[in-house]
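Pulled from TrEMBL:
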- A:33-57: transmembrane segment (TRANSMEM)
- A:89-281: domain 'ABC transmembrane type-1' (DOMAIN)
- A:95-115: transmembrane segment (TRANSMEM)
- A:127-149: transmembrane segment (TRANSMEM)
- A:155-176: transmembrane segment (TRANSMEM)
- A:206-228: transmembrane segment (TRANSMEM)
- A:262-282: transmembrane segment (TRANSMEM)
Amino acid sequence: MTAVTAPPAAPTTAARPPEARRRSPLAWAREHLLLAVTVLIFVFMLLPNVIIFWMSFNQPQGKFDYVWHRFSLAAWQNPCANGEMCHSIGLSLRIGVVATIVATVLGTMIAFAMVRYRFKARSGINALLFLPMAAPEVVMGATLAALFFNTIGPGGLGFWTITIAHVMFCVSYVVVTVKSRLAGMDPTLERAAQDLYATPTQTFRYVTLPLVAPGIAAAALLAFALSIDDYIVTVFTAGNLETFPMYIWGSVQRAYPAQIDVIGSLMLIVTMAIIALSQVLGRARSARR
Amino acid sequence: MTAVVPSPELTEPVEPPPSARKPKRNWTPWVLLAPGLLWLVVFFLVPIFTSVSASVQTGDYDDGFKLTWHWANYSQALTDYGVQYLHSGIYSVLCTVFCLALGYPVAYFIAFKGGKYKSLLMALVIVPSFTSFLIRTIAWKTILADNGPVVQFLNDAHVLKLTSALGWTVGNHVLASPAAVVCGMVYNFLPFTILPLYTSLEKIDPRLHEAGHDLYCSPFTTWRRVTLPLSMPGVIGGTLLTFIPAIGDYINAQLLGNPNTGVVGQKIEDLFLRNTQGYPVGSAISVVMMVGTLVLVMSYIRKAGTEDLI
């Protein structure tokens, strides 16, 4: 076997592309330094999710599921052991759905107007859309609480005030997302439809809407995620109600059951499954074409 | 959730297609705009004016609040909470600097070395935010626990002695200290820095690097003279998107800090929700904070020279 092995290194070096020869060892180290730094930062970003999954199988020693004690499936078998928690999740989901629908409709309308029409006051409207994204959340929450205190009084706070607040801070994100999809659309497609004698309604229904739909769907998902995860604005507008983020906040003072980590893991798993499913469906659809 | 962050170029007005440029007056855009804009005016702009008015009222929840032009609320807001303003300022600036320092290499790596894994790596940046940020912040209580490997290692390396002497940590703990607060903030806001940085780095033609190399630039000089200037929109967008939420944040200070790491947000919440007479002073603080943030952000944008961002 040894007799047939390749001749010594010299020809190999000659065969190397000139680019590789020019590389100094320093450049190699630099490249791998960047890789190492990136890997470390990814560990920093992903570690909490791993810990959440890990701690969801913990049987905490005291009231707080912060330190590993013993393996147990109890939390996964009975995620709603604390009725209060599941009640707050239900409330958060209901607020999220209503706020998402309203914000998506309002935001999509604004996005269409901004991209398709010319009108005055455009820069003023842009500023009004930008400001809610630029204001610190605590300021939005506090000012909105001041408005509700002054008009309906502290007793009137509840489901609708939370939903109103969520729609308010979601609209701008919907506009930005739908707008970028609309702006990237080929305008000739709509003109082609009109050339083929499609009415404006037909053009919208069969050409524009299907093309913008992914943007609207992404905007809706974003709005839902923003709504369901919000704590600061919610706490100022919630009155006596308790949403899921507020429940977690309270748990840090009372008791932090492993069930919260189960929900935290489920949130990740379910969203990833939805994304994977939509990818698979999208691929299947494009394969059929 | 951070899936879509408004990158500067998306907020710019978009040229409408020629077919829309009709000279006659058209009411359709206003019909489309009205409901959404009305919502923002009533529930975003009006509350700002309400809270300016609330900030000079006096009273309590039982008897109601009256407009008494009580400007002393402002002197109270400015003098009694100096420590909290200082903490909010320091923590948010530190957080922005660290996020930029950590986010730039990641965005750079994904944009230029990511190859076919680009979108997968960007997904990895976003994926963690599918879990509630409160649960993820609390997970740091486990990671930084006193008996955990991280603190053990820092103790063995005598790092905590140094940081505790500097006042960043307390004794041989990391939790319940300014360092833990900043760590939590950096963790929470890092994706906000990475996304705009990636968007602007991704647009840079990699052939520019080769050109720099051909012109005998060292890789570092190529980065400093070519890549960095071209990625400035991302740097500005990323730092703004990090700094603005960071300055109002009090989640990390509350969950990972101690009573000596108080920030402005906590005080506003206390005054609004746990103090029967505190709401006017709370409004005064939030007005101060809003004006302060606006002035800081505006002067930063002006200095950085991208006024078209707004």
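One is the number of the first residue shown, and numbering goes on along the chain from there.
Every residue gets a Cβ built from N, Cα and C, even glycine.
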Among the ranges A:33-57, A:95-115, A:127-149, A:155-176, A:206-228, the one whose Cβ pairs under 8 Å to the transmembrane segment (A:262-282) are most numerous:
A:33-57
What else in the chain is close to the transmembrane segment (A:155-176), if you only count residues 6 or more beyond its ends and a Cβ gap under 8 Å?
91, 94-96, 98-100, 102-104, 106-108, 110-111, 114, 129-130, 132-133, 137, 140-141, 144, 148, 219-220, 222-223, 226-227, 230, 233-234, 236-241, 243
Distal contacts, the transmembrane segment (A:206-228) - CB-CB under 8 A, six or more residues away:
92-93, 95-97, 99-100, 103-104, 107-108, 166, 169-170, 173-174, 177-178, 180-182, 185, 189-190, 193, 198, 244
Give residue numbers and ranges for long-range contacts of the transmembrane segment (A:95-115): same chain, 6 or more residues beyond its ends, CB-CB under 8 A.
122, 125-126, 129, 159, 162-163, 166-167, 170-175, 177-179, 182-183, 212, 216, 219-220, 223-224, 227-228, 243
